[in-house]
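As recorded in TrEMBL:
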DOMAIN    22-102  domain 'Ig-like'
DOMAIN    109-217  domain 'Ig-like'
DOMAIN    227-303  domain 'Ig-like'
DOMAIN    308-396  domain 'Ig-like'
DOMAIN    404-494  domain 'Fibronectin type-III'
TRANSMEM  644-666  transmembrane segment
């Protein structure tokens, strides 16, 4: 009943087709891809709610036994939709409702408004049950051609080479037609060979016949993926059913049994296990049934195409300010000199690109006048006729702070509370800080979650049977984000029973956890004694400022390279510093309002040459609140290399001077000896 109601709702949009037994019908199914970019999908065709045909990516099409060899997926370059099929050798049982549906396994939701309803009506299915087949016999022997009708009142007319037997007296005299319609030639003659076919006509004048196998329209060009499996289809119509299919390549017989890596599919298509350059060429297919063939298909030019390969990909992350111009490069090739893959860009969240502010040239995407809405993930998609590849990148706006965590929940034991929450943004390297206090106490405590991306934590060492208040603060490399909504929960105690008190939303007065602003305009510059770190004080909470913590770390490493506490707006990194690093065995870092705890110290050398460091300044209030500045990136030059080059230049100049002096000395000695020889000769 549900299926019938569904049909009634879709009937106005359904397409109605009519075909005779033995003919074919094309079911046109247009696919709606996100952003008009083809992505992996699963195609399914259902009849009366049951899947009869399915296809996914590079796999072989699958059909139920009743439809095997009769359903073919149309080529992608055909004038029909990407999900269209051709149903051949139609039977009476093929009539009914058909539905095309598509699923996207790599996206959510997996379905889109794809699909079309069809209703197929099969006419003439009650006339012909068994068509005739070819017969070979000796002269003088009988020949029997079956032609069985389903309608007892149907009239069967036999033809030889298109001429009714009633107009061939000699043949008619030697022939008999049974009550069911089959033809028997009693004594065959040398003039009897030819093409015989029967035509069934019922009382209403409807006719049905059987024909030779016929090749249908074929695509002019077929692209096969280099180095991957490929299929070359032959679309045909055959009633009686197909008995043989011949392939020709470049005008010569092409027998897959004699070609390594090429096989016949069950429906007669050519299957290439690994497409090579030698598989390119012009192919034709010729179908045969018991009545023969109507000739080969049109020539299909097979082009072996290599999949696209990126030559330039965008960076993983672009950090820009509002109003800036952003250019993200992307380029690809596919190994064909006269062909270039198509390159397009789109946002992964499905929002359209701002056409008035973007330009795509040679695969590069330029976004002008960056706005807040430009924040997010982008994809560069390169595609040709055989494959599609993507490269992803993220655009972040510097002024965008992390969103507040949400869905904060809690469960309590006697001395601990376990918190769980949802991150307010999907950015990588997100940090979280838990703020908590007894509900009757004014001071907050903070607990930093050291493992990035974790969205649950347990606060231990709490008093049994006491009400506590909790919040979660998000933080990333851009600084502090926002607090989650506060919740209160009571730890278990002897007077509370064993049931967990449900956490409830609680809004604390804003003044009880007023935040301090981050330090501004952090910069690092070289000086005679080291590197000078300077910054401007925060705009908010200066009256509660306790001190500053200066931290620096080496790029690519998570642990701190150095740290210092100061009360002024500057700090000089001397040749030797004391490193404050976090113990790797700690799961969380516990901060109090008085000082930093659970830290280990060790001596380190000066900043390494030819290395990049990240500096950050954190403002601490006398209430224990903290706010982090933006990171400053410093590249320490390779002074030793510079000194080595300079020393090499000096040594080289010295060698040249010594060589010149030696040459001058030898020349003067030579001239002096020559003058002396002249004087001796003269005397």
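Placed from the backbone N, Cα and C atoms, the Cβ positions cover glycine too.
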Practice task
With DSSP as the reference, give the number of residues of the domain 'Ig-like' (22-102) in helix, strand and coil.
Solution key: 9 helix, 31 strand, 41 coil
Handout entry: DSSP residue counts for the domain 'Fibronectin type-III' (404-494), split into helix, strand and coil
Key = 0 helix, 50 strand, 41 coil
Practice task
Report the DSSP secondary-structure composition of the domain 'Ig-like' (308-396) as helix, strand and coil residue counts.
Solution key: 3 helix, 45 strand, 41 coil
